[in-house]
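Undergrad: Feature table excerpt (TrEMBL):
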type	residues	note
DOMAIN	3-36	domain 'Ribbon-helix-helix protein CopG'
DOMAIN	53-128	domain 'Transcription factor NikR nickel binding C-terminal'
BINDING	His76, His87, His89, Cys95	Ni(2+) binding site
Amino acid sequence: MQRVTMTIDDSQLDALDAYADRRGYPSRSEAMRDILAGMQMAETDADPDAACIATLSYLFDHEARDLSRRLTAEAHRHHHLALSTLHVHVSHDDCLEVVVLRGSVAEVRAMADAILTQKGVRMGRLHVMPLP
Ligand code: NI
């Protein structure tokens, strides 16, 4: 690790301290490391060829016509990306799935789009994390 000295406005420092307090970070450095990690994630997300690991989570209605079969078909079509899937029966109608993916950002995004655009899939979210 490196120690750096930065010059920022008082209002920016107040904002950083308020953020660190609110989230419960033990120090400004810890808060800054996470802020920078978020920036790295955004940068990786912009490079379609970058290697990543990702989680794709979504709610869906398992009674929706043909949806479970279509989701399984998409998972098999992208089997080289999907490392593991967690399925939770949330309520009488709803299921939550969390799929862990590994591949290029472009491949992972394509699978996420194929799943999240299915009729009956709700509140989907892809979280991409860069790999060195
Ligand atoms: Ni279920």
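Think of each number as a place in line: the chain as shown, counted from 1.
A Cβ is built for glycine as well, from the same backbone N, Cα and C atoms used for every other residue.
What TrEMBL says about a protein is an automatic prediction, not a curated fact.
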Undergrad: Could you find out if DSSP has His87 (Ni(2+) binding site) as helix, strand or coil?
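TA: In the DSSP reduction, His87 (Ni(2+) binding site) maps to strand.
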Undergrad: What are the non-local neighbours of Cys95 (Ni(2+) binding site), defined as same-chain residues 6+ apart in sequence with CB under 8 A from its CB?
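TA: Listed in sequence order, they are Leu59, Phe60, Asp61, His62, His87, Val88, His89.
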Undergrad: Give me the non-local Cβ neighbours of His76 (Ni(2+) binding site): same chain, 6+ apart in sequence, Cβ-Cβ under 8 Å, ordered along the sequence.
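TA: Long-range Cβ contacts: none.
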Undergrad: Which state, by DSSP, holds His76 (Ni(2+) binding site): helix, strand or coil?
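TA: The three-state answer is helix.
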Undergrad: Given the model, what does the mean pLDDT over the domain 'Ribbon-helix-helix protein CopG' (3-36) come out as?
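TA: Across the residues of the domain 'Ribbon-helix-helix protein CopG' (3-36) the model's pLDDT averages 92 on the 0 to 100 scale.
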Undergrad: Around His87 (Ni(2+) binding site), how many other CB atoms lie within 10 A of its CB?
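TA: Cβ-Cβ neighbours of His87 (Ni(2+) binding site) within 10 Å number 11.
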Undergrad: Around His89 (Ni(2+) binding site), how many other CB atoms lie within 10 A of its CB?
TA: 10
